[in-house]
């Protein structure tokens, strides 16, 4: 699983694999008894922050190929340490490995998983005073001084932000309207894809109906189910492999992630104008990836140095040109605006972050109720 | 050799076998039986509010799987699996027959040529299919160039899912059929011909019955993984090709409902056991009759 701009055959993206076949690996690596317990701790005291000092090689746990290799190599050379890489293919798989006691120095959870890890005391505090570049993300007025998922940014540092909208092939479809209704576009009937992702699919329908993206209300879920089933006449498939589906001509209209559109345009397409992206007017889900340091990390000091190194604007810019997702690093923002200047909808603004269309950590009962609806939609 | 010596030797043999069996038995108990037991126990469990699966004594999961939608999925999966078996047999038998009876000194090379591609991960091969069969893929480009059609929608159809399953598992039919054809005494076929049977009749009255065991085995080896598979439907399927495997996989991942996933697994195993018993009884009666 590599993702290199300019490669002829696009490979599945890491989010594509989130729901993709490699979930096979995830379900196989879930540990048995270690995960089954009755006394899940909540609001445990947060372990102290480490000092930003090299204390060994870095054991790094992330989506496959989710940092520019040149940046990782640069870290190894500058600090004379090795970066030992491990990958996960779903947040569930990541969480299960941490819960089973596997030791990693730095992990990249999506926002709502930060909530869970913090509640359970599985991550350390990160002292901003230890990081030379902390001011790049925590400055006066920064959204990340107090993000919804981590009060006071005690345990997490923001990595990337992204939104979910609709991408389309301009050479095939000319009747886009800027609404989530475009996923019911007659012109693209049979060539429409919805993300194979419970939260994203339910959120898209919820926004169209004017409901909260996290709704677990049975009657609202009933409406969402009916709406999504009505979409099946237009759908080709549920898939999160958005880049490949668009490149291969199977998809003309795709429910997709902002950075993937930019990657298609800038990194893969012969003619970037073949692909466009809209952030529907009913509102779009916003999400963040973060850095955290697990409580049981063996080299938390090296992890602190690594995070600090990644916050350097020049490194954020290198990563942006590799991943095509915006990094909320102050001095790197103009470079991303430049990268996304032809499709500003791919950029994520402060106003987007404050729109509250974020995926929250729900109770198991609520998650299961939502899962049941999503299952019925896919199965019917 | 005296009778006593024979007896003693056979007793020794029995105890040796007993010892040899100890290791696999321990292995199976430790890794197979225990994990099955966890699944069965968990199927009566529930999920805590923090998302942890815990053991309990609830039958709610079994009531939940008694759902029309799930039944439909089971029937759909069954249809795909049966189609996969039929196509696999139609492919496997002629291939195995040709190699076993006409392969000559290339036999092993030919078998290797069939087996080696299967060393590549099933997943990678599915991705390769995606690249080949997409709307702008190699096959469709070829079709368009030839002027035959403007392109065919292969991907995201039930045909693609069944095709993926066949491609994924056909080797498991080829090998056992090949093994039984290899052992077949070809003089039987000649005898059939000598008795003025047509080649067709010789095949159906001599060759086929003689290789039944391999064929039955091959059928099972394809049917079982095909029925539980989720990769093919996930990667090659469309909006209406969801299978049981996808359903179970979803409960263990996004759905955060291991107990329901376990109940579905146990339910499916129960249904399969009934099917298998029926199949084995039917095939063994047939064998006795022949």
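From the backbone N, Cα and C atoms, a Cβ is placed for every residue, glycine too.
Computed from a predicted structure; not experimentally measured.
The transmembrane segment feature in TrEMBL is assigned to B:16-44 (among others). Remote same-chain partners of the transmembrane segment (B:16-44), defined as residues 6 or more beyond its termini with a Cβ less than 8 Å from a stretch Cβ, comprise 53, 55-59, 61-62, 258-259, 262-263, 265-266.
Positions annotated as domain 'ABC transmembrane type-1' by TrEMBL: B:74-281.
Listed by sequence, the residues of this chain that lie at least six past the ends of the transmembrane segment (B:78-97) yet keep a Cβ under 8 A from its Cβ atoms are 114, 158, 161-162, 165-166, 169-170, 172-175, 177-178, 181, 207, 215, 218-219, 222-223, 226-227, 241, 243. Residues annotated as transmembrane segment in TrEMBL: B:78-97 (among others).
Beyond its flanks by at least six residues, the transmembrane segment (B:109-128) meets 95, 99, 103, 164, 167-168, 171, 174-175, 178, 231-232, 235-236 of its own chain at Cβ-Cβ distances under 8 Å. The transmembrane segment annotation in TrEMBL covers B:109-128 (among others).
If you look at the transmembrane segment (B:159-181), the same-chain residues 6 or more away from its ends with a CB under 8 A from one of its CBs are 80-81, 83-85, 87-89, 91-93, 95-97, 99-101, 111, 114-115, 118, 122, 125-126, 129, 133, 207, 210-215, 217-219, 221-222, 225-226, 229, 231-233, 235-238, 241, 243. According to TrEMBL, the feature transmembrane segment maps to B:159-181 (among others).
The transmembrane segment annotation in TrEMBL covers B:202-227 (among others). Here the transmembrane segment (B:202-227) has Cβ contacts under 8 Å with residues 77-78, 80-82, 84-85, 88-89, 92-93, 97, 165, 168-170, 172-181, 184, 188-189, 191-193, 244-245, 268, 272, 276, 279, 283, 286-287, 290 of the same chain, all six or more residues outside its ends.
Here TrEMBL flags B:260-280 (among others) as transmembrane segment. For the transmembrane segment (B:260-280), the list of distant contacts is 39-40, 42-43, 45, 61-62, 64-65, 70, 74, 220, 224, 227-228, 244, 247-252: same-chain residues at least six beyond its ends, Cβ to Cβ under 8 Å.
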